[in-house]
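J.: Okay, here's the structure, questions in a sec.
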Amino acid sequence: MRGNTRLTMPVSLLWAVDVYGRVYSLSTGEQQWEQCHDAVLEFKRVTAVQQCCWGIACDHHIYLNVHSSDVPIRYQEETYENQRWNPVDNFSDHLLPSDRWKWSDITGLEHQPLDSFLLPSTNWEWEGDWYIDENFGGEPTEKGGWTYAMDFPATYMKDKKWNSCVRRRRWIRYRRYKATDTWAKIPSEGHSGPLPDPFNDISCGGWEISEEPRGKLSLWAVSLQGKVWFREGIHHHSPEGDVWEEVSLPGEVVQISCGPGDLVWAVLWEGQLIVREGITRDCPQGSSWVVVDSPNPEAGAIHVAVGDNVVWAVTKDNKVWFRRGINSHNPCGSGWIGMVGEMVMINVGLNDQVWGISCVDRAVYFRQGVTSSELSGKAWKAVNVPRDGDIRSHSSASISSLHSAGCFFSGEVQAQSVMSEDSDTEGGPQRSCPSFPSPEPSPIDPDVSKPRIPKVTSDSFISEMLSDREVKQEGTTAATTASPSIPEEEVALGEPEAKCPPPALVLSPSLSGGLGDPQWSNVDLEETQTHLAVGPAVVRGDSADTCSLSSVATYTLCQGEPYGADEHPLWAWVSGGGCGVNCHSQLNWFNSATALASSVQSMSLSISPAQTAAWRKQIFEQLSERSKREMDHFKHYEQAVEQSVWVKKGTMQWWRDWKPHKWVDVRFALEQFSGPEGNQDGILFLYYNFNEEKKYLHAFINEVTILVPVLNDSKHTFAVYTAERTKQRWPIRLAAATEVEMHDWLALLSVSCCDSRGIQGPPSKQAIWSVTCKGDIFVCEPSPSLEACPYPTPCDQMFWRQVGGHLRLVECNSLGVVWGVGYDHTAWVYTGGYGGGFFQGLASSTDNIYTQTDVKCVYIYENQRWNPVTGYTNRGLPTDRYMWSDATGLQECTKANTKPPSPHWIWVADWAIDYGISGGTDREGWQYAADFPMSYHGHKTLKDFVRRRRWARKCKLTTTGPWQEVPPIPLCDVTIIPCGAQSSVETIPLWAISNKGDVLCRLGVTLLTPAGTSWLHVGTDQPFKSISIGGANQVWAIARDGSAFNRGSVSSESPAGDCWYHIPCPAKQKLQQVSVGRTSVYTVDQNGNLWFRQGLTPSYPQGSSWEHICNNVRKVSVGPLDQVWIIADKVQGSHSLSCGTVCHRLGVQPMEPKGQSWDYGIGGGWDYITVRGNSIEAPRVRMPSLTPSLTASLTDPLRPPPPRSLLPVMITEMENGNDVRC
């Protein structure tokens, strides 16, 4: 379908089926319907989600179209080979009768020989042959991959011991799903064999079912006999699912709808509706049905559509109804509300957005104004875009001449078939004139009646729409033009809106008997007759009133386009389940130019780009001359003001420096002044009362190093740091009365600080980027002496300024390419702007600023203790933690009192049990341990007296910044090659890891296209979590089990390399993160230890061993000069320990790559830093080797050297009430 545009596949698609059974998709970034040309059969209806689309063809079979992606769908098959030792044969496959199978699953209960694994369908293919997994718990095993134990089952080890009597090894083979971007047939197989009857309706959803693992889908289908079936086993690694399972019903169903969550509604033949209850993570098909009455007892329901929190319905009189009171606790709602408009069907897509097909003109309509606070929306608006392949005239002919000409191309007129309005039998053979050459199209006979639209599918619903179409009297004009919108008021639909003839050519009766008639066929279906009013409310003819659903005509599509050049398509079905739009989306679907606009534009004056460029140049020259002329007239005047002063005052609250610490009211003033040479500076004053005496604090603007918004639930606070206060880890904390006032002060102070330092515009290519725990982004312009030795610029004197946006991590290089990843794993690329967020006016660039969203989860823990009487209860010991707490157990966090991280965040979901916590959970989400706090596991033992489970709730942030989204693959890590500023690199190597653990290499990344073009998947045997690329294209990565890998033979000719080399981890440690510089490799393990890889040489890039550097490290970044920066925890401040502090490794030289000591910078509250863009080399001074203490003292000779080493390893959670936690 989109094979030619695979690399730029749109993330969001609207799917639709026209009355001729042809499937179209409309991208949110395009303005035309794209036909699915690979569909061999005509389709009746489709149901879409973001990653795929399901459909029912005219053969009543279900087909699946999976969108192609740069990350293939791979499934890992595994089996275990088991052996037992005996004194004769040593280890062999001669097992005891009580042992497990020779080839089995991991439990040993299921027999799984290699030849028993078969492909699920012809849509899969094997990637290679079986091979042995030689990795065990992050460590490489001996050759052969065997692990040893005393007996089956037991704890296995990679080393063989004297009492090792059994062994096993794992065999792996991958299969890949190959049927992407094409319609693959899904077998109609149930548990007991083929299904008894074909399908008639289908609905897909369920990807947001509470506590459901990501990637799972629920597919519901209705058969012709009114039965409901549920497709089991649909998830990311198995898009086809497994088998169909029948769901019991209270009656016969005609249509069903499944929402993204746990809402499932269906329509009965009698016109009533039923609601599925009991849908959970463990039971996605639900448990029971509840009957809901139709909105109109006299006209039963014929269609229903559900979303997250909405239910819409259509009755037999085509009226639209909205169900109020829908939520997760009340899926049945409370009542119906009648809405304006008449539709033949309706669909609810993502974000509860509503799509429909009007019964008046068969156009697709979008419900405007649907928000979380107004789910019913405001008005209908038609989607008015052309189809691909539409032949549109650009001549200056009038609209009437275009209509009268019909479809004119190459001297041939292609005619649609004409159906007489007084025909008694709809299924009778109809004849039409074939295509024939003619110099002029035949005029339309005014006595010819309106043509009946041919019936095109075997679907009873589409047949009804076509058979009940309006029949007008002879002599009246035929078609009505599509209205751009349906207003929110009753209109007289019986009046014709246009008096022009139909766009498609209708031949006179004298021409209706030519040779080569198109073939018509009748398909008889035994279905109930239901009269649906889908046309305007006018008196219908006898043929319309007595239409039958048992006779349906099929139109032969080989005659060419069924529509005229300027006629909009007639739609039969629409699905918005994969269309990610909302009320704020900027769509160009509603203002598409019509034929009249095209004619007017063709008659207008054509302006070439060359003329436009010449005019712009001329205007610019005139303005430049005028400016020069006016400035020359005033050169002889003296400057009126040599120095100016501005003062801004306000009232705030200040967190007092001394004990008892508390908020006190203060007056705050900013005094700015500018000198005769234009230099600007200022002073901050803070006036307060102490012991009835007026005092003040002050700080020079040019001494302020950073302004940080501080995370606080109840106050709008920010912190002001200077170099001295950075050393003390104790900033000036201020709280404004309102959020707007805080943002105004932050913007003003930030601009003043930048002006005093002469910093303007976007960050440089050499900038150092960092991210706080809150997600705020800061940049620092490095000085040439920052990496100087032995006199580097102290870290506490670095000036940081904020950039708009919200990210979890950011990576850069010295060529100016910057990528970031949000908390929701969305990838973002830097656009070159500055400002955004609360920066407005001169503090922000006018272009390259875009809307950015981020979603994160807030976690709380439910804790329980066991007692012999009642079992596990929420009554703990007096020394226990809170029964509802945070991860540490020191702070009480209940569902009621837990708020989003800040007022900028809003809840977007309800509390749900989190089953994805490390260590595993049982079916109810509990983790067990002997006591609080201990190591938790997902199964209960006799020694477990406490348990906990984690609850999660999603919240969303919307802001602006110089970032653009890079769809469609979510990422968890990204890395860009560090290089010199003068490097001439055509394609910049960029690697990433998806949120599922796939390793990806980005292609097409250049200075002009920093976002790149496509992803290249790099195969791995297990999911990864961290990756870094360094000098000479050295790629290192960390797997989720903590093992390290090096990618071999990566080059510009082979950007993905050829194979992975397993690197042994430090003894008894599992690695967490890696960073590679020009010649150095550093890693951080899960216990916060920093390791340096020794023995790296060009001939042996894997190195030889690990050397421990320090502990209490959160993140590490190694730059293009091999400089080392970290985010450290437990750094001593003047009042307490500080977590999340930026630190710089001193003394790093080519002969001493490990450095000597640490210099501490801004903190705490920082979470990420990257120095991979700073390639400014400072002049080196030859001096004798210095001791670490002397090197630390040289950073600030005016004060005695403080302790410059991190604290010993203390893996404990410490609460710091005075530390600024961002």
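Here the Cβ of each residue, glycine as well, is placed from N, Cα and C on the backbone.
Keep in mind that TrEMBL annotations are predicted by a computer and have not been checked by a curator.
Summarising the annotation, TrEMBL assigns domain 'Peroxin/Ferlin' to 72-133, 145-178, 853-914, 925-958. Annotation comment: TrEMBL describes 416-498 as region 'Disordered'. The signal peptide annotation in TrEMBL covers 1-21.
Each of the listed features needs to be described in terms of its position in the shown structure.
T.: If you take every residue in the domain 'Peroxin/Ferlin' (145-178) and average the pLDDT, you get 91.
Beyond the ends of the domain 'Peroxin/Ferlin' (925-958), by six or more residues, the same chain brings 211, 775, 806, 851-866, 872, 876, 880-881, 888-889, 895, 898, 900-901, 904-915, 917, 919 to within a C-beta distance below 8 angstroms of the stretch.
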J.: Can you break down the domain 'Peroxin/Ferlin' (72-133) into helix, strand and coil residue counts using DSSP?
T.: 3 helix, 24 strand, 35 coil
J.: How does the domain 'Peroxin/Ferlin' (145-178) divide up by DSSP, counting helix, then strand, then coil residues?
T.: 0 helix, 16 strand, 18 coil
J.: As a quick check of your reading of DSSP, tell me how many residues in the domain 'Peroxin/Ferlin' (853-914) are helical, how many are strand and how many are coil.
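T.: Going by DSSP assignments, the domain 'Peroxin/Ferlin' (853-914) contains 0 helix, 26 strand, 36 coil.
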